[in-house]
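J.: Per TrEMBL, the features are:
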{"type": "DOMAIN", "residues": "B:71-281", "note": "domain 'ABC transmembrane type-1'"}
{"type": "TRANSMEM", "residues": "B:12-38", "note": "transmembrane segment"}
{"type": "TRANSMEM", "residues": "B:69-95", "note": "transmembrane segment"}
{"type": "TRANSMEM", "residues": "B:107-130", "note": "transmembrane segment"}
{"type": "TRANSMEM", "residues": "B:150-175", "note": "transmembrane segment"}
{"type": "TRANSMEM", "residues": "B:217-235", "note": "transmembrane segment"}
{"type": "TRANSMEM", "residues": "B:255-282", "note": "transmembrane segment"}
Amino acid sequence: MPSLSARRTRQRLAADAALLVVAAAFAVPLVWLLSASVDGAAGLRVRLPASPTGDNFAAVLTDEITFTPMLNSLLLCGGATLLTVVCAALAAYPLSRYRSRLTRPYLMGVLFATCLPMTAIMVPVYGLFVRINLIDTVYGTALFLAAAQLPFAIWLMKNFMDGVPTVLEEAAWTDGAGRLQALVRVILPLMGPGLTVVTIYSFIMMWGNFFVPFMLLLSPGKLPASVSIFTFFGTYGQVAYGQLAAFSILYSTPVVLLYALIARRLGGGFALGGAVKG
Amino acid sequence: MRAVPGSRTARWLPLAPATTLLLLFLAGPIAYCVYLAFTDMQLTGQASASFVGFANFRRAFGDPDFRNAVGMTLVFTVVSSLVGQNSLGFALAALMRRASKAVRTAVGTVVVAAWVLPEIVAAFLLYTFFNRRGTLDAILDWLHLPTQNWLFTLPILAVSFANVWRGTAFSMLVYAAALDGIPQDVTEAAEVDGARGLRRFWHVTLPMIRRSVGTNLMLNTLQTLSVFGLIWAMTRGGPGNRSETLPVFMYDQAFLKALIGYGTAVALLLLLVGAGFSLVYLRLMREEM
């Protein structure tokens, strides 16, 4: 019978090999993204560029293709994220601190809304927005994005707030601080990491959202990057694949960096998975 | 004694902004959805919509395209969520516990990167991957295996695999956390009893993480049910309607065919299925709250 450590080593090698195969399969599309972006004559398949060039990036770095849509995305998602985080922080406070018969049903409702397939309500939302003249407005779209993200944000925020001991805000009350003051000055700073997670996660979700702005915004000048990339390159014909890859990288970089930021903040672990499970 | 400042009602005031937003932009549209589903509203002539009872639903169940969309949604959900994301995510999480640190980091980075990329970028990447002139056929060609135009011959499988590519990281992270949560002594006791391989998985591991399995399945399924952009950008539901899931069908009917009432009825059915899954999920969560 082989020793325990020999068995461990063999198991490790087998696991390594299996994982590398899966990782290679997952990596292929990503490799295409990177190689095509610096390939002057990029096609649909992965290949080493003959002579790496920055031409694709230079070609898409124009107002029309990159800067305007990215700015639109920033305004739309930044505004909606701000609204989400402020509303969620305010709502989480009474839900976390006071006991009432309504707390539990409210949280259940929030959790229920978290799970609903938002895609399904986009047709009525479109109809509603046409009726109340919010269609093709950035603030209307931001309001909907915020509302759609709010249930999960409230849920996360409440869980993070539960982790802050009440002793400190009681001390603040004794010193004459009001509820809002205690929330802003004492609780929110203490739940800094949690607040960052909610903010960044909401922003990432909105930045990548295609369907909502696709439905609610019509003017080409207002479209965020998620939709403009589709209108520019979505009509498959004579597509400049190198430029598509270059723009995809530019558009994805902010969320990848933001994710890396929260991932490190969580010590490489994953708090959202835990938070989702309660 | 806690000296809570403010009156009883004032305490609950911070709930107002969030509640207002949720009522106006979520509850409102859902109510409007229920109303529209029973009318013959069309994109043109908004004012002339009239109540038609269950006509939209009767029409849906008699519509072969609708039944096709239900079938496509089932295939898409089962292949990409239940089988793909869930099993692959678990396998990755389990293997990563035994792998060396360098491999663990590399695999984690690649899989999570696929998840972090925006939906529409993922759709473009997988479109090029499955294209007739794309990388998959290049690899098959190199291996002397038969190639084909995947987006034409097996469009629903292509978009399902795309969803697996994009969504596996979530399951992997949930299961990694769940497996970390199994106490050391349980694993050791199983080892001493000689429980290994499948038996250990079935009798020891699975019961310990069954809540995570339930949660993960629910969340994956709900997420998969509402996938639109990925499919729309890869195939637009085609060729024909061979990758047309319910969200794509709904969009097609409501906007391209201008039948808002009918499209909304389909949306309401989708919403009801989602609500059903949500309720199951709530029951799973209730034990903890």
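Using N, Cα and C of the backbone, Cβ positions are placed for all residues, glycine too.
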J.: Cβ under 8 Å to the transmembrane segment (B:255-282), counting only same-chain residues 6 or more beyond its ends: which ones?
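T.: That would be 30, 33-34, 36-44, 49, 52, 56-57, 59-60, 66, 69, 214-215, 218-219, 221-222, 225-226, 246-247, 249.
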J.: Which bits of the chain, at least 6 residues beyond where the transmembrane segment (B:217-235) starts or stops, bring a Cβ under 8 A of a Cβ in it?
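T.: Here the qualifying positions are 73, 76-77, 80-82, 85-86, 119-120, 122-124, 126-127, 130, 151, 155, 158-159, 162-163, 166-167, 170-171, 243, 245-248, 251, 270, 273-274, 277-278, 280-281, 284.
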J.: Which one of these stretches, B:12-38, B:107-130, B:150-175, has the most C-beta pairs shorter than 8 Å to the transmembrane segment (B:69-95)?
T.: B:150-175
